Each structure stands twice: as structure tokens, then as C-alpha cells.
């Protein structure tokens, strides 16, 4: 029995639930025609993260990483949907800030793709792209700290849903197991980050 494949499939299923968990939040944004105090920055960071992992999962960079490629492609679709809604209903100042960050991330990703395919040798692509993925992962999971401060200040989890935190923890645990079985240090290092931050939030 291929336990690595089973863990990867379970991880994909949980990850879809994770990507879908903000849907109630964005339904409220749509109904209220306002983003209220929600920040668009975490969604930009998540999109950048997914884009990099799509690159990492491509056969030109990594071998046998189809599950990583498919789930992060789905993640890109979710995040683009969220960002479109956010930009439609956010205040002008916030929209401008998020648009600038999104443009910068897209430009940076284009540069990374160009360098990966034209400059970086094939044999070191996995190392280079994987290392970058882990660095961006740290930034992605630090970005909700501003939201965490708001949760503590208001004593309400409205701005950082419990379901989202639980999904992150479960997803990370499964994918860490997958990374161990696949002997992929980058997957292991990446999914250690949300485990650490989610545990801190849930025990706060």
C-alpha cells in the first residue's frame, strides 16, 4: 500500500477545505458590500505562496510532485477569487495598497520563473525554488499576526475564524507526514510553519 499517496490525497482534500474556509467571510463581504476590518494582505501572500509551489511541482523543477502541483493550482484559483471580491468591495486606500502588493508579487513571480527556466541549472532547480518557497512560507504565516492582535484586542475570532486555524493545523500535520515519506525537506520545512503558528493561536 502506498501510504505516501494516501497521505497526499488526504492532504489535498483537507487543503481544499482550507482554501474554501474563508468563503463565509467573503459571503458576508459580498452581502455587506464592504470588507470591514478584514485585510487583503494574507490572501496576496497565500497566492504568492501557491504560485511558487506550482512552480516547485512542475516536472521541470521537481519529479513526482503532481499532488503538490494540483492542490496549489486549486489554491491559486481560490485566492484569485477572494482577491477579486476584496478589491471590488474594499475602500479606495486599502484597494490601492493591496493592488500594489499584488502587482509586486506577480512581477516577482515572473522574474523567478524566468530565472528558473533560463539561468538556474536543471539539477539545482529543486533546491533553489524549494528554498524560496520555505522563505515565502515564513512570511505568509507571519502575516496573520496583525489579525491575531485584533482577535486579542476585540476578544472575537470573527477576523481569524477557528475553522481556518483548525484546517491549517490538520493540513500541515498530514503534509508533514507526506514530506517525511517523500523525503522532501522543503515540504517538511514549509508545513512546520503553520503547525507552530496555529498551535500558538489555538492555545492563546
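Including glycine, each Cβ sits where the backbone N, Cα and C put it.
Checking TrEMBL for transmembrane segment across the ranges 159-181, 182-204 points to 159-181. Sequence-remote contacts of a segment are chain residues at least 6 beyond its ends whose Cβ falls under 8 Å from one of its Cβ atoms, and for the transmembrane segment (41-59) they are 22, 65-70, 72-73, 75-76, 79-80, 82-83, 86, 98, 101-102, 105, 108-109, 112-113, 116, 126, 129-130, 132-133, 136-137, 139-140, 143-144, 146-147, 186. Beyond its flanks by at least six residues, the transmembrane segment (6-29) meets 35-36, 38, 43, 67, 70-71, 74-75, 78-79, 82, 85-86, 89, 161, 163-164, 167-168, 170-171, 174-175, 177-178, 181 of its own chain at Cβ-Cβ distances under 8 Å.
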